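**Q** Copying in the features that Swiss-Prot gives for the protein in this structure:
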- 12: active site, proton acceptor (ACT_SITE)
- 40: active site, proton donor (ACT_SITE)
- 11-17, 39-41, 311, 337-339, 419-421: GTP binding site (BINDING)
- 12, 13, 14, 15, 37, 38, 39, 40, 134, 148, 230, 245, 309: IMP binding site (BINDING)
- 12, 39: Mg(2+) binding site (BINDING)
- 305, 306, 307, 308, 309, 310, 311: substrate binding site (BINDING)
């Protein structure tokens with residue numbers, strides 16, 4: 001059994017909370033894409049665990065965890081995150097953590113060039129705005145991967161004669177390319193190589209052939225949960241390009257990032273915030289640059305885990321969700337942070353876009369078009385009561401249930417879970433038939 005949790009909007013939907021809820025039922029939790037540019041917090045028995053690169057299944061003592069080939073890995077950050085988790089009580093984490101030998105390495109020079117590249121991309125964009133990178137070196141690493149000049153984990157841990165010398169040569173070539181590209185790019189390559197020579201031995205026990213690992217698990221009928229990073233609207237192909245991340249964050253990235261054929265995937269859970277947020281620049285049709293937007297931001301505590309940046313806030317955009325559903329094929333949805341809407345008398349929901357009076361059939365790929373659309377809203381009545389203590393779906397206010405039913409009917413996918421508050425246990429389960 002392979003089930004997948006994916007973000008359906010622009011990230012920060014609350015995927016970690018659903019994974020936290022589900023992880024006790026699984027034998028393996030795997031990451032398929034991204035790096036340490038995403039983040040979420042899981043609370044277990046009052047202890048907060050911050051995850052960025054490592055799979056959340058580490059909180060389950062019976063769960064193995066895999067960083068897949070589609071992930072790009074900054075080794076110092078990997079060990080720093082692991083040590084923080086160990087310090088908080090996950091003392092056996094190393095025994096249950098594995099890394100694909102095919103995962104690409106993020107070096108410090110990738111992070112250095114990230115900001116330089118950001119400035120160039122902002123100059124090339126249609127509106128002159130920054131892309132909004134986290135500065136973690138993710139984009140430059142995927143660029144070296146695509147140009148077939150990157151270094152993978154197996155290059156680092158290979159102990160065959162001459163392997164380290166080959167690694168060093170390729171590494172220095174990558175640094176030299178950046179020095180030629182950016183002119184005054186000063187960088188201590190010797191120091192980083194010395195660090196990686198040390199990491200080489202430390203990393204070896206974690207490294208596996210992830211294709212063999214995953215397919216052996218499937219053969220043995222293990223229960224596998226794939227933990228998505230970022231979200232569909234940040235996908236390099238299907239997101240609001242170029243205001244996206246550098247990997248495939250949708251269902252396609254799950255297959256390529258773990259070496260899985262599509263037929264082995266059973267359930268795809270789409271996580272949807274009850275309103276919409278995004279971090280950084282890029283079009284955002286339902287954004288509310290007004291009192292409503294500020295209210296959503298303040299009540300929802302909309303600040304990024306990884307960057308601390310304020311999230312832009314707006315109403316739920318069902319055009320985005322329907323588009324996301326077409327691509328990812330969600331079998332059920334988790335609506336999160338419904339309680340943030342508790343005090344709103346009326347709640348507008350975006351249901352269609354028009355351009356110069358003409359209705360668009362689907363979410364547009366052209367940002368020049370997207371930036372000019374008018375959003376048509378349906379305004380639904382609020383419930384104006386506190387739902388944070390509610391534990392049963394039937395006990396939700398009628399208008400809250402109508403809001404959820406409107407979403408289900410619009411996208412044609414059942415809602416299985418509803419987040420009713422920030423607490424770990426504040427999740428209402430709704431029986432669905434599939």
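Positions of Cβ are set from backbone N, Cα and C atoms, glycine also.
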**Q** If you count CB neighbours within 10 Å, which one among the binding-site residues 11, 14, 39, 308 has the smallest count?
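**A** Counting other Cβ atoms within 10 Å of each of the binding-site residues 11, 14, 39, 308, the minimum falls on 308.
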**Q** Which one is it, among the recorded positions 40, 308, 309, 311, that lies nearest to residue 420 (GTP binding site) by Cα separation?
**A** 40
**Q** For the IMP site made of 12, 13, 14, 15, 37, 38, 39, 40, 134, 148, 230, 245, 309, how many Å separate the two farthest Cα atoms?
**A** 34
**Q** If you count other Cβ atoms within 10 Å of each one's Cβ, which of the binding-site residues 17, 310 has the most?
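**A** Most Cβ neighbours within 10 Å: 17.
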**Q** Going by C-alpha distance, which of the recorded positions 12, 37, 40, 134, 310 is nearest to residue 338 (GTP binding site)?
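**A** Closest candidate to residue 338 (GTP binding site), judged by Cα separation, is 12.
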**Q** What whole-number Å value do you get for the CA-CA distance of residue 14 (GTP binding site) and residue 40 (active site, proton donor)?
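**A** Residue 14 (GTP binding site) and residue 40 (active site, proton donor) have their Cα atoms 8 Å apart.
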**Q** Tell me whether residue 310 (substrate binding site) sits in a helix, a strand or coil according to DSSP.
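**A** Residue 310 (substrate binding site) sits in a strand per DSSP.
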**Q** Out of 40, 309, 311, which of the recorded positions has the smallest number of neighbouring Cβ atoms within 10 Å?
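**A** With the recorded positions 40, 309, 311, fewest surrounding Cβ atoms within 10 Å: 309.
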**Q** Counting other CB atoms within 10 A of each CB, which of the binding-site residues 41, 230, 420 comes out lowest?
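**A** With the binding-site residues 41, 230, 420, fewest surrounding Cβ atoms within 10 Å: 41.
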**Q** On a simple 10 Å Cβ count over all chains shown, which one of the binding-site residues 37, 134 is most densely packed?
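**A** Max Cβ neighbours within 10 Å, all protein chains included: 37.
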**Q** Quick one: which of these binding-site residues, 17, 134, 308, 309, 311, have their CA within 10 A of residue 40 (active site, proton donor)?
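**A** If one measures from the Cα of residue 40 (active site, proton donor), the binding-site residues that come within 10 Å are 17.
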**Q** Name the secondary structure element type, per DSSP in three states, that contains residue 41 (GTP binding site).
**A** strand
**Q** So, in DSSP terms, is residue 14 (GTP binding site) helix, strand, or coil?
**A** coil
